[in-house]
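Some notes on the structure that comes next.
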Amino acid sequence: MANVIVIGAQWGDEGKGKITDLLSKSADVVVRYQGGVNAGHTVVVEGKIFKLHLIPSGILYPDTDCIIGSGTVIDPKVIIEELDQVEALGISTANLMISGAAHVTMPYHRMIDKASEKRRGSKKIGTTGRGIGPTYADKSERTGIRMIDLVNPDRLKEQINWTVNYKNVILEKLYDLSPLNPEEVVNEYLNFADRLRPHVIDASLKIYNAIQLKRNILFEGAQGTLLDLDHGTYPYVTSSNPVAGGACVGTGVGPTMIDRVIGVAKAYTTRVGEGPFPTEAKDEIGDLLCDRGAEFGTTTGRKRRCGWFDAVIGRYAVRINGMDCMAITKLDVLDGLEEIKVCVAYDMEGKRCEDFPGSAIQLSKCKPIYKTLPGWKESTVDCRNLEDLPKQALDYLRFLAELMNVPIAIVSLGASRHQTIVVEDPIHGPKRGLLYS
């Protein structure tokens, strides 16, 4: 039995969906612990592409329970669309469960999110406009509506009538927007409730019971370490905690019940939206990585900013998350390059810095210090064992592992499940502190 957290080690979009899908075959339960429809993951199975935002990747395995935890925020319309999408492919959704403590994204959240971002002007954050931040803000203000309220008609009507009237003042007076009709919102969300009611449970208790039964549980994070509200490049972050610690808070599971943490990082670096990005390549290399890697957001469709691998970020993610091992994705994107650069440290106003700085302002002053490695001509997409990889590709992976002081357990060479090298069982080994071998 193992309880394992999968986290993003960069700015999100690292390929967590594929890695979680790969590991889900060994899991009895897959749990999503934070975020909302602002994060998307793509899974390719037998040529079929699944693009999901809220439903855990484990839904593709009929014997796996899928739980959406209390740390998430739920857009009922979107999750119903995803249920329809999955069911249309002949996949049962009876194994999907949603925490009654998860908060609900409402129409006014989306309106405020978009209007607020527009109002920021040059100081915009790069929000997806899906209402995530305002939903979490209401959670903190203790004015939010939870899933347990959604499925209670009388409670839902009472909360919506009060909250919509309150939010209308903000919409009209602050943002010059048209007010919402409380009755229309009530009717819309009552319909959502009818569809979602069978899925709403006490998720913390469900997970605890699974742990007592010694079932294998996979905790699936959204976004990445550097988008964490507390530990990311604030204010260019999300409104929740994607780091490993967020899994405990976002599911109601004690930290002593977690056995392992697996990080996921691309063989290069990307980010979406605003904020400092030391290794960003604003030249033909950046364009090449974007084109080869199909670097466009699952949620927004926005082009991702691309650059070389940043080992300073990698070391930080290993430390913050207590990472046991790492999966490196999209190694194949680097095929054919004459040389490959890796950021080993920063130059911060003339001083060498090997540790990630504590603020976005400091990070914006950092310039990458690169180590240049030889590339490889051969294609890696059909490699299924380490021995199949070009020597230079193997050396590259070893170099990354040594820089970050973390073993690499999985290497992904494409979007499909079979395009993967499993170096060692990422759930039961290797142990933290060992290097790539």
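Glycine is no exception: its Cβ is also placed from the backbone N, Cα and C atoms.
What Swiss-Prot lists as GTP binding site is 12-18, 40-42, Arg304, 330-332, 412-414, and the listing cites sequence analysis. Annotation source Swiss-Prot lists active site, proton acceptor at Asp13. Taken from Swiss-Prot, the feature IMP binding site covers Asp13, Glu14, Gly15, Lys16, Asn38, Ala39, Gly40, His41, Thr128, Arg142, Gln223, Thr238, Arg302. Annotation source Swiss-Prot lists Mg(2+) binding site at Asp13, Gly40, citing sequence analysis. The annotation active site, proton donor is assigned in Swiss-Prot to His41 on the grounds of sequence analysis. Per Swiss-Prot, the feature substrate binding site maps to Thr298, Thr299, Thr300, Gly301, Arg302, Lys303, Arg304; the stated evidence is sequence analysis.
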Legend entry - Cα-Cα distance linking Thr128 (IMP binding site) and Gly15 (GTP binding site), given in Å to the nearest integer: 19
Legend entry - Lys303 (substrate binding site) in three-state DSSP notation: strand
Inset, instruction - List only the single closest residue to Thr128 (IMP binding site), chosen from the binding-site residues Lys18, Thr42, Gly301, Lys303, Arg304 by CA-CA distance. - result: Gly301
Legend entry - Cα-to-Cα gap, Leu413 (GTP binding site) vs Lys303 (substrate binding site), nearest whole Å: 21
Legend entry - Cβ packing number for Gln223 (IMP binding site), 10 Å threshold: 29
Legend entry - Surrounding CB atoms that lie within 10 Å of the CB of Asp13 (active site, proton acceptor), all protein chains: 28
Inset, instruction - Name, in the order they occur in the sequence, the residues of the same chain whose CB lies under 8 A from the CB of Gly301 (substrate binding site) and which sit 6 or more residues away. - result: none
Legend entry - When distances run from the Cα of Gln223 (IMP binding site) to each of the recorded positions Asp13, Lys18, Leu331, the nearest one: Asp13
Inset, instruction - Measure the Cβ-based neighbour count of Thr128 (IMP binding site), defined as the other Cβ atoms within 10 Å of its Cβ. - result: 23
Inset, instruction - Rounded to the nearest Å, what's the C-alpha distance separating Arg302 (IMP binding site) and Gly12 (GTP binding site)? Just drop the number here, would you? - result: 13
Legend entry - For Gln223 (IMP binding site), the three-state class that DSSP assigns: coil
Legend entry - Gly15 (GTP binding site) - helix vs strand vs coil (DSSP): coil
